[in-house]
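This report refers to the structure that appears directly beneath it.
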Amino acid sequence: MSGSQYRIVQRPRRLRRTAAIRELVAETRLHPADLIEPMFVVEGLDAPREIGSMPGVRQHTRASLQRAVHEAADAGVGAVMLFGTPAERDPMGSQAWNPDGVLANAVRWALEAEPQLPVIADVCLDEFTDHGHCGVLDADGEVDNDATLPLYARMSVTLAEAGATMLGPSGMMDGQIGVIREALDGAGFTGTALMAYSAKYASGFFGPFREAVDCRLTGDRRAYQQDPANAVEGLREIELDLAQGADIVMVKPALPYLDVLAKAVRIANVPVAAYVVSGEYAMIELAARAGAIDRERCIMEALTGVKRAGASMIVTYWATEAARRLAR
Ligand code: PBG
């Protein structure tokens, strides 16, 4: 090192000099077990199908789901999260509580492939209703909160019966966590955990998900999902879900809401999850394909940022890939 004419006592660059030193002083570490891989299963699909707006993510058949679940487990991911698309939709979303429906079957198939790997099943009606909303509609065409709750309860018991380790209620109906908890407990499923999508925002970043589950929504979800302008409201939702029995709370999407995540971690005495959603995935994938950014570097940077903001676990379509990279 060269001498200096300056007296600079504090030199932060000393701890950045080599990769080994940087590794030693890293404040944040991603671990494969913190990562949760979402997977889409489509009823009646002949062969897995790539989702155009989410390059690298596929709609699964039974066989391709089971392969993907094996790969996730081999990579050491913490859990898989399942979404189902039924062959038939109706205004109530009744396939959601069919014990032989696509999502209940997907839960069984995942557990058959990897009995030890936790399986989280999405609890929401948007994949199952013909109008694409997360609940049933009233006479005015608005999502009817209280009429939706018993349907979530039925769906939850069906998925618990199929063996789901955990349920992820994502529909943003008021009171949903309490009603689902009571239904599960009443049916004897006191051990089925609830990962509450507490601070879920009405986000444009859910765009590609609609293609992933063939959702036919017209209009938007602003009357039940949160306004992006509000952080205090997100904290209130977390408190409400904790009071109703949530075991884990979530902030979603992740990157535009890291401030909400950091605040949530301070008030929640349970693990806080963050969901890096379909549009966040697409942004990096498509920018990388256009040659604008270094794909792998930006993926790991984004996931590290979410962890640094305080997430205990991250739901991400890069979970298996990132877990493999972390392991080597
Ligand atoms: C609702 C649900 C959605 C997502 C997860 N659960 C769609 C929505 O609320 O509009 C989005 C996930 C993503 O964009 O990756 N079932």
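Every residue gets a Cβ built from N, Cα and C, even glycine.
Given the structure is predicted, the values throughout are model-derived calculations rather than measurements.
Less than 8 angstroms from the CB of Lys200 (active site, schiff-base intermediate with substrate) sit Ser170, Met172, Gln225, Gln226, Met250, Lys252, each of them six or more residues away in the same chain. According to TrEMBL, the active site, schiff-base intermediate with substrate annotation covers Lys200 (among others).
The active site, schiff-base intermediate with substrate feature in TrEMBL is assigned to Lys252 (among others).
Residues annotated as 5-aminolevulinate 1 binding site in TrEMBL: Arg210, Arg221. Close to Arg221 (5-aminolevulinate 1 binding site) in the fold, though at least 6 residues off in sequence, lie His133, Cys134, Met172, Ala202, each with a CB less than 8 Å from its CB.
Glu237 (Mg(2+) binding site) counts 24 other C-beta atoms within 10 Å of its own C-beta, drawing on all protein chains shown. In the three-state DSSP scheme, Glu237 (Mg(2+) binding site) falls into the helix class. The Mg(2+) binding site annotation in TrEMBL covers Glu237.
Annotated 5-aminolevulinate 2 binding site per TrEMBL: Ser278, Tyr317, in sequence order. In the three-state DSSP scheme, Tyr317 (5-aminolevulinate 2 binding site) falls into the coil class. Remark: Tyr317 (5-aminolevulinate 2 binding site) has Glu37, Pro38, Met54, Gly56, Val57, Val276, Ser278, Tyr281 as non-local neighbours, by Cβ distance under 8 Å and separation of at least 6 in sequence.
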Cβ neighbour count within 10 Å of Ser278 (5-aminolevulinate 2 binding site): 25
Neighbour-count leader, CB within 10 A, recorded positions: Arg210, Lys252: Lys252
Secondary structure at Arg221 (5-aminolevulinate 1 binding site), reduced by DSSP to three states: coil
Recorded positions whose CB lies under 6 angstroms from ligand 1, from Lys200, Arg210, Glu237, Lys252, Ser278, Tyr317: Ser278
